[in-house]
Every structure is written in structure tokens, then in C-alpha cells.
Amino acid sequence: PLAMGAGFGAGLGLALASSAFIGGSFVLKKKGLLRLCGRARAGQGGHAYLREWLWWAGLLCMGVGEAANFAAYAFAPATLVTPLGALSVLVSAVLSSIFLNEQLNVHGKIGCILSILGSTVMVIHAPQEEEVSSLESMAEKLKDPGFIVFAVCVLVSSLLLIFVAGPRYGQSNVLVYVLVCSAIGSLSVSCVKGLGIALKELFSGKPVLKEPLGWVLLVCLVICISIQINYLNKALDIFNTSVVTPIYYVLFTTAVMTCSAILFKEWQHLVLDNIIGSISGFLTIVSGIFLLHAFRDMPFTSSFLPLFLQPARADPHPPWSSADRHQSCQHQPLLPSEDKGSQSAEEEEEK
């Protein structure tokens, strides 16, 4: 139990470090791109950013974050590691508001708080028992009929989305390409976890390189990631980022949690309150990500608040002015002046 707790703590620490590095990498690369000062920008096909050390620092942070995320799957359950990836969005939003002067409105701040609360709840209630600790046990899990049925359903549905739904609805419905990325992504996370276990065994001195399963997982991972990148870029090219990002996070995390529950049996030893806590934490993170992205470009000022919450301000036309005191509503004409003029004209015509 002590070794299991240490492994869980290591996976949790690596997942949090991964979110911090990946979130900071976006800010560093953006800062490097903004320093080009009239030189050929990346959006115009230029490569002047390759001479900016800030851009390279951001790329290095991205590599360190992805490596930490890769290693986290070898120590902690995928049900915990994958949802914590939302914290990279939070880190990026907060650092962008500080160093890039980007807007972080009230909705974004509430979204950040919700993401932190949801992540905390998931950490408390996440499964801490590792069901797969070697490639032999991984091979046994892959032969499970439940996972085989799940993998076949994922592949068939992805092929239908790519070749049937894509040409018809891909340009108008954001779910088509995002569903492809999410479904294939659940298989890629399983490959990453298997490779992480293989590397852990390799460092412990076991002859992992002679095992064909490790190479099969590596080839499957390359194929899955290539498909993910291709169709995620298509979705981002067609639809707004603020729409694609939260939908992709929700569908991808849901697919990974489902695959982990079927393949690794991570939810097998959880009691009911931990299952409810994990689902509640995940839904809280989803709400935070939605608020952070959906209303990112919406200005929110005090005028949107209810009247009793707005700050006191001088009213140029107070309701109890001197004119209102001398003239009550009983002295107001029943008809406007134009209506009165038209009425008198009609009377003259009748006469």
C-alpha cells in the first residue's frame, strides 16, 4: 500500500507539472511571436520566430510538459491524469491575463475557480489502485472481450464518421471531426499507458525490447496521434476555437474514462460515493472550461449587474427633480402634440 500511494503521488505530481509546463508554453511562444516587430509573422508564412529564444523556451516547456504527462500515465490511473489536463487551459488563461494583457472577465475567473474545485474533488475520489503493472498483465487486459467490443465499436464509428458523415456534415456540424479525435484519442491514451509501463520495466532492467507488444503499442500510438492531429486541425480550421476546445475536452475525457473503466478496471474497487465524487468533479471541470472559453471574448461590465449590485452613480435625470414636483401626471396631455394637431385638422375638415 505504501508503494501504491507513492506511485499515485508521483503520477499526480507529474500530471500537475505537465499542466503547468504546457500552459506556460503557450504564453512563452505567444510572447516570442509578438516580439517579431514587423518581421515575417508565422501567420504570413514566415519563420522569423525561429530566431526568438522565447519561442524556443515555450517549445521546450511544451516538450517537458508532454513528457511529464506521458510519465504520469505509468504511475496514476488515466481517469485521474486525463481530466487534470484541463488545468493547462487554466494556467494559460491566467498567465495570458498577466503577461499578455489578454482579457479574463468574470466568467473566466469563475471558470478557473470551478476547474480548480473540480480537479480537487477528482483527486480526492479518484481510484488509487493500479490494475496493470507489467506488459504481461497489459496483454491479458487487451484480450478482454469487453475491450475488444469497445475497440471495434470505436473503429467502426470512426470510419463511418470519416467516410460517411464527414463529407456530408463535416463543414456544418462541429461534432463530426471532434468525435473522431475523441474516439481515437481514447485508444491512444491506452497505448501511452502501456508504453509508460514498458519504459518503467525497461529502466528496472527487464528485457522489454524483445517483447512485441511494446512495438505494437508504439505503432498504434503513432497512427492514433496522426489521426487525432489531422481531424483536430480540420475542426479548428472550420469552427471557432472557443467552440472546439470545450467540446473536445468533454468528449475526449469521457471517451478516455470509458476506455479506462473497460480496459484497466480502474472503477472496479471504487465505492459509490467515490464514483459520484469523480463524476461530480469531472462535471465541475466541464462547467469551468465552458465558462472560460464560451464567454472569453464577451465584455462584462458593471452595467450587466442587477441594479442593487451596481455601484452608485450620479443620475443625470433624477426621478424627483423640481420639474416633476411642479407637474404631476394628472396635468399631462392625454394625447401628444402631433396627435392633437391631427385631431384639430380632422375637426376643421368635418366642419
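The backbone N, Cα and C atoms fix where each Cβ goes, and this holds for glycine too.
Just so you know, TrEMBL annotations are computer predictions that nobody has curated.
Annotation comment: TrEMBL describes 315-351 as region 'Disordered'.
TrEMBL lists 6-28 (among others) with the feature transmembrane segment.
Positions annotated as transmembrane segment by TrEMBL: 53-75 (among others). Tertiary proximity for the transmembrane segment (53-75) is limited to same-chain residues at least six positions away from its ends with a CB under 8 Å from its CB atoms, namely 7-8, 10-12, 14-15, 17-22, 24-33, 35, 81, 85, 88, 130, 189, 192-193, 195-197, 199-200.
Non-local neighbours of the transmembrane segment (81-100) in the same chain are 11-12, 15-16, 18-20, 22-24, 26-27, 30-31, 34, 65, 69, 72-73, 108, 111-112, 115-116, 118-119, 122-123, 189, 245, 249, 252-253, 256-257, 281-282, 285, 288-289, 292-293; each lies 6+ residues outside the stretch with a CB under 8 Å from one of its CB atoms. The transmembrane segment annotation in TrEMBL covers 81-100 (among others).
Summarising the annotation, TrEMBL assigns transmembrane segment to 107-126 (among others). Nonlocal intrachain contacts for the transmembrane segment (107-126), taken as residues 6+ away from its ends with a CB within less than 8 angstroms of a stretch CB, comprise 12, 76-77, 79-80, 83-84, 86-87, 89-90, 93-94, 97, 270, 273-278, 280-296, 298, 300.
Here the transmembrane segment (146-167) has Cβ contacts under 8 Å with residues 173, 176-177, 179-180, 183-184, 186-187, 227, 231, 255, 258-259, 262-263 of the same chain, all six or more residues outside its ends. Summarising the annotation, TrEMBL assigns transmembrane segment to 146-167 (among others).
The transmembrane segment annotation in TrEMBL covers 174-198 (among others). Proximity of distant same-chain residues to the transmembrane segment (174-198), defined by a Cβ-Cβ separation under 8 Å and at least 6 residues beyond the stretch ends, is recorded for 70-71, 73-75, 78, 82, 132-135, 138, 151, 154, 157-158, 161-162, 165-166, 208, 211, 213-214, 217-218, 220-221, 224-225, 227-228, 231-232, 234-235, 238-239, 243-244, 247-248, 251-252, 254-256, 258-260, 263-264.
Same-chain residues lying 6 or more positions outside the transmembrane segment (213-231) and placing a CB less than 8 Å from one of its CB atoms are 135, 138-139, 158, 162, 177-178, 180-181, 184-185, 187-188, 191-192, 194-195, 198. Per TrEMBL, transmembrane segment is recorded for 213-231 (among others).
Long-range contacts of the transmembrane segment (243-263) within the same chain, counting only residues at least 6 positions beyond its ends with a Cβ under 8 Å from a Cβ of the stretch, are 77-79, 82-83, 85-86, 89, 141-142, 144, 146-147, 150, 154, 174-175, 178-179, 181-183, 185-187, 189-190, 232, 235-236, 282, 286, 289-290, 292-294. Here TrEMBL flags 243-263 (among others) as transmembrane segment.
Taken from TrEMBL, the feature transmembrane segment applies to 275-295 (among others).
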